[in-house]
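Q: Heads up, here are the entries from TrEMBL:
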type	residues	note
TRANSMEM	B:23-39	transmembrane segment
TRANSMEM	B:45-65	transmembrane segment
TRANSMEM	B:77-94	transmembrane segment
TRANSMEM	B:106-124	transmembrane segment
TRANSMEM	B:136-154	transmembrane segment
TRANSMEM	B:185-203	transmembrane segment
TRANSMEM	B:234-253	transmembrane segment
TRANSMEM	B:273-295	transmembrane segment
TRANSMEM	B:307-334	transmembrane segment
TRANSMEM	B:346-367	transmembrane segment
TRANSMEM	B:388-410	transmembrane segment
Amino acid sequence: MTTPALSLKNLSKSFGPAKIINDVTLDIAKGERHAIIGPNGAGKSTLFNLISGLYVPTSGTVSLNGTLISGVPPHEINRMGLSRSFQVSNIFANMTVRENVRCGVLHSLGQGYSFWKNIGTQKDVNAKTFEVMEHCGLLDKANTPAALLPYADQRSLEIAITIAGGADVILLDEPTAGMSHSETDRAVDLIARATEGKTLVIVEHDMGVIFNLADRISVLVYGEIIASAPPSEIRGDPKVREAYLGDEALPEEVV
Amino acid sequence: MSNATTTIESLQPSSAAKFRQRTLPILIFAAVIFAIPMTDPSRTMYSLMHQIGINIVFALSYNMILGKAGLLSFGHAVYFGLGGYFCMHVLGWIEDGVGPFGNYPVFFLPLLGFGGGALAGAVIGWPSCRKAGTTFAMISLGVAELIAAAGFMFDSLFGGEEGISGDRMNGPEMFGLSLGPIDEVYWFIAFWTVVGVIGMFAFTRTPLGKLSEATRDNPQRVQFIGYNPQQVRYLVFIIAGGFAGMAGGMAAVNYEIFTPESLSLIPSGFVLIMAYVGGITYFAGPIMGAILLTYMQSMMSDFTEAWLLYLGLMFVAIVMYAPRGIAGIVFGFVDGIRGGNAGAYFTAWIIRLVGCLLMLLGAIVLIEMSVRWSNGYGEVFEPFGLHLGHTNVLTWILIIVPLVAGGYILRRASREEEEGAA
């Protein structure tokens with residue numbers, strides 16, 4: 001058996017007496033597209049923060065490609081090949097789109113903290129920045145300050161920065177939140193293209209997006225994973241219906 | 001704009017834009033530097049120029065941490081002072097011909113100042129750069145107090161209240177400059193000002209320079225592109241300390257004396273005001289601020305004893321009404337004139353200018369009259385032969401009418417602008 005890209009073992013996180021994540025065990029294989037769903041306050045964002053290093057687990061472990069990463073600072077986890085986006089747009093507001101993406105590619109191209117190089121003449125940096133912007137459909141807005149972008153483009157930029165470093169495990173936190181239908185379609189298309197061949201973990205509320213993208217779905221309720229299975233099985237799972245979906249009708253067959 | 005025509009090159013600034021934004025300002029700067037000695041300036045003028053050069057480097061180094069890295073420091077003079085003190089000691093060693101720097105050319109002292117300032121930044125920044133925001137500001141204030149107090153206590157290092165003095169006319173001569181006469185010191189200051197300005201501009205173009213802006217905007221995101229924001233801050237802080245120390249080295253050679261006052265909160269506050277009034281969002285802002293405030297500091301004190309009051313008023317006005325500083329006003333004006341409706345923009349601008357000048361007139365009469373009244377020597381403010389005492393009705397008219405009229409004009413102008421925008 002190959003090592004899973006991401007492996008959570010008995011992971012728990014408490015804030016004081018409040019247990020937010022409770023004994024979560026989950027393996028995500030390389031190349032898998034894994035969705036995490038659950039009602040508001042189930043602990044999805046906390047789970048992301050635990051995986052990406054923003055929080056240190058109260059107990060349990062997180063491993064990335066077999067290496068233990070719980071307790072490692074976020075920037076080092078990032079360098080090991082795990083990148084994440086945020087629920088609210090978390091971009092460099094005073095920089096242009098191009099500068100934002102360029103910041104994202106710097107470390108993967110070995111630029112480090114250098115202060116003896118001119119960033120404008122680094123050919124590999126510029127080429128990679130161009131490629132990522134082209135990939136995310138941001139070329140025509142390259143010189144727009146990020147703060148002035150329309151919301152949907154800010155979300156695209158968020159994804160662009162996330163994938164820019166070339167990480168092979170990508171965590172996306174509600175990438176389509178607040179988008180219109182057509183914007184969502186474009187975002188899903190972008191996510192599918194941008195994460196091709198990579199391991200994707202996505203938190204999402206939009207069921208259409210989930211059933212479109214995911215190979216496997218985990219349902220998180222009150223900090224516990226109550227089911228983890230392919231979309232077709234999740235759809236029929238009575239536990240899931242009761243805990244999460246309630247009366248909401250699931251989309252029938254998603255084409 | 002279609003994607004088909006977009007290439008890597010087309011996203012970069014064109015060579016014409018590069019020339020206009022980078023090469024041209026440097027050429028103008030160089031031309032000014034070479035033109036100044038041709039006007040045969042007086043000694044006062046020379047010392048003002050030297051002070052301006054030193055303050056340009058100092059204010060730019062401060063803006064590396066305030067404007068670019070988003071760290072508010074109340075103790076930047078510490079690095080200026082420690083770099084300068086180190087250079088004063090080296091001056092002494094050169095005079096005696098002892099130690100590793102016994103044969104060091106005085107002309108290159110600012111390099112040692114850079115080293116001294118950077119070392120101080122490395123030591124002090126280690127604990128203080130772990131946090132940004134208020135914590136960082138408070139630590140910088142504490143450190144500034146600490147070092148300034150130490151300056152008055154450790155006499156052999158800082159020379160006590162009278163400080164340490166030295167003589168710049170020792171050691172090997174460079175470029176045929178003995179650094180004795182003031183017009184030779186001019187070239188020394190000019191050289192290092194240019195080195196400082198170009199060095200700090202180049203820094204903004206490096207990966208670390210861009211990362212410092214990224215850390216200012218969003219430290220959390222910086223972690224998730226593989227960088228440690230604490231380390232970014234720390235490195236920028238060291239380099240900013242180095243450039244401050246370089247300015248200290250320039251000051252050491254220029255004044256040949258350093259006192260513990262140079263480490264205190266007063267110059268730390270002054271550099272903050274220079275950078276902020278000039279405009280911290282622009283690279284050129286602190287340069288403009290340094291020129292204007294140094295000029296005010298040395299020239300306005302000849303005209304009025306209340307010049308600090310004017311400085312304070314100007315600072316408050318800039319913070320409240322023009323947070324992008326003088327550079328913001330200048331570049332905003334240029335953009336407005338270049339924009340579509342130049343005529344209307346110019347008219348609106350003139351109206352605002354008139355409003356500001358009227359308010360300034362009222363404020364000047366009020367301040368000058370009150371200062372003399374409060375001194376109690378019976379002195380009276382007498383501009384243009386007018387006799388403006390506090391008992392004179394004309395004085396109060398000249399205070400109230402311009403203030404009210406100016407305020408009204410400015411209010412109307414801003415209301416019209418809001419309506420125009422809506």
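Backbone N, Cα and C define each Cβ position, glycine as well.
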Q: Short question: which residues 6 or more past the ends of the transmembrane segment (B:45-65) have a Cβ under 8 Å from it?
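A: 36, 71, 73, 76, 79-80, 182-183, 185-186, 189-190, 192-193, 196-197, 200, 203, 212, 236-237, 239-244, 246-247, 250-251, 254, 271-272, 274-275, 278, 280, 283, 285-287, 289-291, 293-295, 297-299.
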Q: Between the stretches B:23-39, B:77-94, B:273-295, B:307-334, B:388-410, which one has more Cβ pairs under 8 Å with the transmembrane segment (B:346-367) than any other?
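A: Out of the listed stretches, B:388-410 contacts the transmembrane segment (B:346-367) most.
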Q: Honestly, do the transmembrane segment (B:234-253) and the transmembrane segment (B:77-94) touch, with at least three Cβ pairs under 8 Å and pairs 6 or more apart in sequence?
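A: Counting Cβ pairs under 8 Å, at least 3, so yes.
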Q: Six or more residues beyond either end and a Cβ under 8 Å away: which residues meet both conditions relative to the transmembrane segment (B:106-124)?
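A: Same-chain contacts beyond the flanks: 78-80, 82-87, 90-91, 94, 143, 168-171, 173-175, 177, 179, 188, 191-192, 195, 237-250, 252-253.
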Q: So what's near the transmembrane segment (B:307-334) in sequence-distant terms, Cβ-Cβ under 8 Å and 6+ beyond its ends?
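A: For the transmembrane segment (B:307-334), the sequence-distant neighbours (Cβ-Cβ under 8 Å, at least 6 residues beyond its ends) are 273, 276-282, 284-285, 288-289, 292-293, 296-297, 300-301, 349, 363, 367.
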